Every structure is written in structure tokens, then in C-alpha cells.
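Report on one structure; see the data block that follows.
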Amino acid sequence: MSFGTIKLNDGNKLPAIAFGTGSVWKNKEVTEFVEQAIECGYSHIDTAAVYHTEKDVGYAIKESGLDRQSLYITSKYDGGDIQSAVRDSLDNLGLKQLDLYLIHAPFFIPNQDFESAWREFEKIKEDGLARSIGVSNFTVEHLKMIIKSAKILPAVNQIQFHPYNLTQYKETLEYCAEHGIVIEAYSSLAPITRFPGGAIDAPVAKAAKRLGATPTQVLLSWVRAKGAAIVTTSSKKEHLEEYLAVADLDPLTEDEIAAIDKAGTQGPPRLARLWALWPFVLLAISLHVMYRHFWSM
């Protein structure tokens, strides 16, 4: 069984699982890992200008030998002139049209003029440079600034989404559902990779035992149960196959979903939260040292 597709509010269809290329890999590795993902059965490849992987993804697409209609390609805008940016992405990828083009984050919008930026995105769709347009990392506040004057609604909002931030994103999820905006979830495995030992471990393990599945597969099943598409990644073939095998599992029961939801409201374990913040602490310390050094000169 395949993951299938999700129908977007513009009538197009979105493959329900994507291989993401945002990890810190060397250029050669990006090409190899994208080729590996395509060979495993991933038809949706997610990239972005800010990842600096578009050319490598484009090479992998070419090397796959598949016709353009067999692959679904997403890229994202990261600032500057919008029309130039989308054309640069197309050139880097060796494509004439993207399947999905997203505003990568609200802070990339020039002068924070959301209405003007979205008009440029609507033009991208109208000119046939992208079949669908959407956003990423947008809250309700950001979405409202676009939708109040939009002729074309965003088709997708790609956000970090897992049980520990379900409460945080409740309003965003409801608003997107109200407007037919599909959620694409990234970092959904954070409860395992970044916040192990937390409250959701028990209900996830219980569901995994019933299904004969891994905790990773249960988390991805939870995302599917929320109606979201999945953006995931790995350099390991066995993990890519593990993710795809989720489509063959029985769905989670309502009780299992509710138990994971409830556990998620407790948030990640305190130690894991502090550990996740450590890189930002190091950055702050480095900036402080540089500042003191500068003013002591």
C-alpha cells in the first residue's frame, strides 16, 4: 500500500509523504540520498533555496530517469525579489514548473508586506511557474494577513508538528482546517530524536506493541491521523523503508490518539528541553564574548 495523496484546496493532489533535503549533508551526499529516496519509492522531494541543495536535487531528478509527472517537487522562497527567486529555484532544479512553492517563513517577506508578497505568489501560480502555492512556519496571525486580500488561498502550511507542540498549534490547525489549508508536518519524530524519555513514550510504546510497529512508525501514524502530510528524511535506506511501511499499518485507535494527545500536553521532559536549547545558549555566549572583546579594543 502507498501513502496516497491529499487533495489541496486548488484541486491539485499532494503526495502524503515527502523526502526532505534540509539536513546538513555535503553536495555529493544530497544527490546520493535523493536518488536513494526515489529508488525506495518517494515521489515527493522537498527542498528550499536556503538549504543550498536545489542543484543537487535537480541532478538527482535528472539521474533518476523518471518523467517529470512521476515526481512532485517542492521548493521555498527565502527572501529578495520573489519573481527572480522562483526562477532561480527552477534554474537550479532544471525544471520549468514546481509542483509546490512556499514562503519559507514569515520573516523572509520583504518589508513584512504580506499582501504584496502573496500577490506575487498568486502571479507565480497564474503564470504556471508553480502548480500550487503555500506557506511554511505561519501562525494564524500571519495567515490572516494573507487571506484577507487573497484571490488564491495558500494550499499548504508546512510547520514543525509533533505531540509535544499540539497544544501550541491548536489554533493554527483549526484555522487551516477552516480554510482548507493542508498541514505538512516536519520534525514529527522530535519526541524520539530530541526529547526522549517524556510522557508520550508510554502510550506510543503501547500502540507500537499492538501494531507490531516501531515508536517511529506510531508517531508518523499519529501525524496521518491528524490529516497532515509528512516531511521526513534519513540517509539510511532502512529508515526510509520504515517510514513508508507506515502506510501498511492499521490506523491508530481513537483511544490511542487521545492518549498520545494527552501525554503531549505535558510537554517534553525538562532536561531534554534544556538540552535542545544548548546550541542557542552557546550562540548567546559567543556573541557576548565577541561584544565584550569588541568594546575592549
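The backbone N, Cα and C atoms fix where each Cβ goes, glycine too.
As recorded in TrEMBL:
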ACT_SITE  Tyr51  active site, proton donor
DOMAIN    17-263  domain 'NADP-dependent oxidoreductase'
SITE      Lys76  site 'Lowers pKa of active site Tyr'
TRANSMEM  274-291  transmembrane segment
Cα-Cα distance linking Tyr51 (active site, proton donor) and Lys76 (site 'Lowers pKa of active site Tyr'), given in Å to the nearest integer: 9
Neighbourhood of the residue listed as 'active site, proton donor' by C-beta distance under 8 A, where only residues 6 or more apart in the same chain count: Thr21, Gly22
Quick one: average pLDDT across the domain 'NADP-dependent oxidoreductase' (17-263), no decimals. 96
